[in-house]
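The annotation compositional bias 'Pro residues' is assigned in TrEMBL to 68-77. The feature compositional bias 'Gly residues' is assigned by TrEMBL to 111-128. Per TrEMBL, compositional bias 'Low complexity' is recorded for 155-164, 878-897. According to TrEMBL, the compositional bias 'Polar residues' annotation covers 175-190. Feature annotation from TrEMBL assigns domain 'EML-like first beta-propeller' to 299-584. According to TrEMBL, the feature domain 'EML-like second beta-propeller' maps to 601-870. TrEMBL lists 594-626, 677-718, 723-756, 836-870 with the feature repeat 'WD'.
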Amino acid sequence: MDGAGGPGEGPAQEALQSLSRRLQVQEKEMELVKAALAEALRLLRLQAPPTSLQDPGTPGPTRDSSPAAPPGLPPTCSPSSVSRGTQTETEVETESSPGPPGLSNGPAAPQGGGEEPGGTQSEGGGSSSSGTGSPGPPGLLRLVQPPQRTDTPRRNSSSSSSPSERPRQKLSRKAASSANLLLRSGSTESRGGKDPLSSPGGPGSRRSNYNLEGISVKMFLRGRPITMYIPSGIRSLEELPSGPPPETLSLDWVYGYRGRDSRSNLFVLRSGEVVYFIACVVVLYRPGGGPGGPGGGGQRHYRGHTDCVRCLAVHPDGVRVASGQTAGVDKDGKPLQPVVHVWDSETLLKLQEIGLGAFERGVGALAFSVADLGAFLCVVDDSNEHMLSVWDCSRGTKLAEIKSTNDSVLAVGFNPRDSSCIVTSGKSHVHFWNWSGGAGVPGNGTLTRKQGVFGKYKKPKFIPCFVFLPDGDILTGDSEGNILTWGRSLSDSRTPGRGGAKETYGIVAQAHAHEGSIFALCLRRDGTVLSGGGRDRRLVQWGPGLVALQEAEIPEHFGAVRAIAEGLGSELLVGTTKNALLRGDLDQGFSPVIQGHTDELWGLCTHPFQNRFLTCGHDRQLCLWDGEGHALAWSIDLKETGLCADFHPSGAVVAVGLNTGRWLVLDTETREIVSDITDGNEQLSVVRYSPDGLYLAIGSHDNMIYIYSVSSDGAKSSRFGRCVGHSSFITHLDWSKDGNFIMSNSGDYEILYWDVAGGCKLLRNRYESRDREWATYTCVLGFHVYGVWPDGSDGTDINSLCRSHNERVVAVADDFCKVHLFQYPCARAKAPSLVYGGHGSHVTSVRFTHDDSHLVSLGGKDASIFQWRVLGPGGAGPAPATPSRTPSLSPASSLDV
């Protein structure tokens, strides 16, 4: 700034200097007062054993009581004030309390140290937008020298210094005594010969001088330290639960069906079970519901695949099934190769693994031979050349292979009367292949192609399906809505692609069957053919000569027909493009037996006292599911993407957060919107009612948490305040059990605490919240759950977390298609877990039902919903509700994770 000032700058500068001097005087006076208080505390300790002045069993802070102080300090003293006033002329050291005499806390955090530079650093390492954080609390102080020292002042005793001079002397020695404290805290000799408490992190663990030994633990995400304070009831992390939990998960039900982007995905087995797939799971479903295996209804699941299943084929015996999966990557980024599994549908045991390392990208289509009772398997992969290969099913060996076409291949099949004839169809082609087995010698077989000629008929863009007729003709369904009949004819010199064969196929008839593409053809037992249309959603039965006999229309909200399978009697099973599975017949119509979402899922909440849960996602559908009946109770169109939801404790209403900053409250019985409010214009990531139902917290991507007061029935809401202080978008939040406080996480790994009842204030000293009890635990960052994070995590590996209501286990949804089950609390680094696969995409959310009998998990891109049964120790039902299993312990030393 320029040296010359304005005419009024002199008086203003003088006033500013005067204020500065007054502030310095006041600060000195405060230091003297603090020193005097510390001296009084020291004198009081000389009259009593060095035990905690606060009852360890004192309940945590509530709205009407002051926050708990560090062990050994009066409730009215804050850690920041004690850290400046407890250094006296007597030698001191830190000591944990309550607990064995040998336990010791480390040094207090320096003011403005690495954890909170300038007082604005959040617990998670991100800078808060406002406020000044207090330094971490020191340990309890105790005397090293015996109290008989002659120079130790006692109450009512005289001293060489007057009472007014004594605080000034202590103040002058403040820096030196602090240095002595830092030096002596790690010395065994200064602790009276007691062994120091070693860190469970081992000699190689990293420590920083701002990580309070015995007060906190520290982990790193993307190189950023995240400090979490240890509850006062824990004296050693080694005494916390270790090992995987005794509870286990068993897949109970899978909601959804992959019909939107796949085919060859619906068959009926000899047992009467319907087999289809979604994500990495092949589902065997017996219509009628109820638990059990074949003959008992319900669902069973083949879970041998490591990535998404793309196609199915059923062996002629009606028992064995072949399923092909796509390529993927594991959690370390290593590629997982596509493969075909041949397995027994009765035992769910894998019989053969075919083609590991032989396919590229994925298995697009496959089929068993029929004429020789399923001795061979034909596979088309998803490589650029769409390699066509024939395999010996019993040996798992490849007999022949050839490049089929650069165009996509959508279907493949053996001629049921002649296994040497294979047909493929797809984009703008129908190919007829002649296969010679080469005497069964692996690799010696040959495949020759004959291309189907359309001649005078319009060549369609796609031919998605075909079926073999009993007389040897072939019907194809195409994207023009036509059914073409292909018949055998003698080849001649004008027939292209004859490949030396004596016969070829040509079109002998055409019938316009549907408006839009034909997605499915099915040959019935009575010789008639069923066709399923796309745009017109019609299901038509055709007699000889392609004469229409009967038809039915699928309701619009179920989508178009994707696959058709014939069940028992006249019963039909129909898969649709909106991931629904319908059951019925052409006379009575169709009703859904399996339904699901059609796009990425994110929002999930469970009912407070019923076995129901609600989901929402990018398909803009809000769905309420009956967990006992395994059915969709209702669904509505949100018109926007739903990302989060939560039930009011009464269960009468549910709040849903959308991607536009808008949130709705709906009546769960009438499905009517009773409230429609917008906060900002960024997407909402979390909505959560307080346990008493009086407040609703809404976490937004605009870095704010909006708080609303809620009426007793949940129907009316009014703005109560905003929690402002996060430096990144809100990811998770939880309410305390008393409904007064909130713990929240953000995108830059912050852990902040808020006093909602006190005016939505940010709690500067997070240490005071270490003993607070939380009604739910869904925050992915916190002391009680930091052990769930894997080594080398980038901070986005865990999408969701949920503690069971009985506080025994924690379920985790990760980015690697897995659901994990940990013991709670999970406060040990690299904690072991039980890992469950099945999802084919990142798992976006997990929630326990109200009685902890089930866990619900959502797949992201695979749009699947898994309902897991929680089994107690020994495979029994869910464990009974118990209080928190966190031991009643005292602080331990810090860890570097």
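Just so it is clear, glycine is given a Cβ too, placed from its N, Cα and C backbone atoms.
Predicted automatically and left uncurated, TrEMBL annotations should be read as such.
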Residues from the same chain, set at least six apart from the ends of the repeat 'WD' (836-870), whose C-beta lies under 8 A from its own: 247-256, 258, 260, 278-281, 301, 303, 306-309, 579, 596-611, 613, 615, 617, 619, 625, 627, 630, 799-806, 809, 811-821, 877-879, 881
Arithmetic mean of per-residue pLDDT over the repeat 'WD' (723-756): 96
Helix-strand-coil residue split for the repeat 'WD' (723-756), DSSP-based: 0 helix, 20 strand, 14 coil
The repeat 'WD' (594-626), counted residue by residue under DSSP: helix, strand, coil: 0 helix, 19 strand, 14 coil
